[in-house]
Amino acid sequence: MSITKSEQITVPSREAQIRDLERQKMSRYLVRGVSNGLFTALAVVIGLLWSVPTFGLFVSSFRPGTDINTSGWWSGLVPPWAFTLQNYADVIHAQGFGQAFLNSIIIAVPGTILPLILGAFAAYAFAWMNFPGRNWIFLGIVALQIIPLQISLVPVLYLYTDLGLTGQYAAVWIAHTAFGLPFSIYLLRNFFAALPGDLMESAHIDGASHVRVFFSIILPLSVPALASLAIFQFMWVWNDLLISLIFLGGNPQSAPMTLSIANLVNTYGNNYQVLTAAAFISMALPLVVFFSMQRFFVRGILAGSVKG
C-alpha cells in the first residue's frame, strides 16, 4: 500500500523538540511569575491598608491636642511639623501608670505559662495515650471554644466571692488559664498527633515512660507550636479588660494597663493625643514578644494541619 505525500507524517527534529520544550517551560515560568506577582501585590496592598489606622494612631501620639482637634492625622506628615513628646510624658507621669504596667506583667506571665503547661500535658494525653472516652472528652473540650466567656463571668464571680479571691491576682490567673485551656489543648494536640509515631514507639521499646517521652522528645520538637500558643495567649491576656475589670474590681493596686488606660478617658476627657500615646506604650511589650517569636509563628500554626 502506497502512502501519498499528503498522508506522510512529519517527525520534528530533536532541535525542534528541545525548542518546544523550552517555550513551554518559559510559558509556565511566565504564568507562575505573573500569578506570584499578583498575589504579592495583593498581599502588599492588604498589608498597607491594614497598617494605615495603626500608623495614623502613631502619628497622632506625637501631635499636640490643638492640632489633632483641628486637622486629620495625615496633616502632621507635611511641613511645618509640630511633633512633641509631651503626650508620652503625661502618660508616664500619670498617677499609677507605672504600677499598672508592672501589674500587667504580673498578670500576663502566669496567665500565659499556666495554660501552656497544662495544655501541653493534656494534649500529649489526647494524642498518644489510650484511655476510655478520649475522643469524646476531646470533642467536649473543642466545643467549649464555642461558648462565649461572658456567659460564665457572673457565676465565676459568685464563686470567687465565696472563696474570697476577688481583687487578687490569683482570680485573674485562674480565669485566664481556664478560658485559654480549650484552645491550648486543641492546638497542641493537633501538633503532637502529627509528630512521627516511630519516635515514640522506639522510645517506649527502650523503656522510656510517658513522662520521659514528653520531656525528652515531645517538648523539644514542639517549640514552634508552643511559641505560637505563647504569642496568642500573651496577646489575649495583655489586652484583656473585661476579666480584669470584673475579677479585680477596679482595685488600683492590682489594675493592669488596660484599666489604667480606660481611666485616662475619664481623667483627660477628650484628650485623644494622650490616649494614643498610652496605647503605644501598652503595645511595646507585646511587640517585643511577637518579634522575638515570629520565626516560630507560621511553622507552629501550620505544622499540625497536615499529617506526616
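Cβ coordinates come from backbone N, Cα and C, glycine included.
Keep in mind it's a predicted model, so treat the numbers as computed, not measured.
So that you can see what the record holds, here are the features copied from TrEMBL:
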- 29-52: transmembrane segment (TRANSMEM)
- 101-293: domain 'ABC transmembrane type-1' (DOMAIN)
- 105-129: transmembrane segment (TRANSMEM)
- 136-158: transmembrane segment (TRANSMEM)
- 170-192: transmembrane segment (TRANSMEM)
- 213-238: transmembrane segment (TRANSMEM)
- 272-291: transmembrane segment (TRANSMEM)
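Counting Cβ pairs under 8 Å to the transmembrane segment (170-192), the stretch among 105-129, 136-158, 213-238, 272-291 with the most such contacts is 105-129. Sequence-distant neighbours of the transmembrane segment (105-129) (same chain, 6+ residues past either end, Cβ-Cβ under 8 Å): 137-138, 141, 169, 172-173, 176-177, 180-181, 184-185, 187-189, 191-193, 200, 210, 213-214, 218-219, 222, 226, 229-230, 233-234, 237-238, 244, 256, 285.
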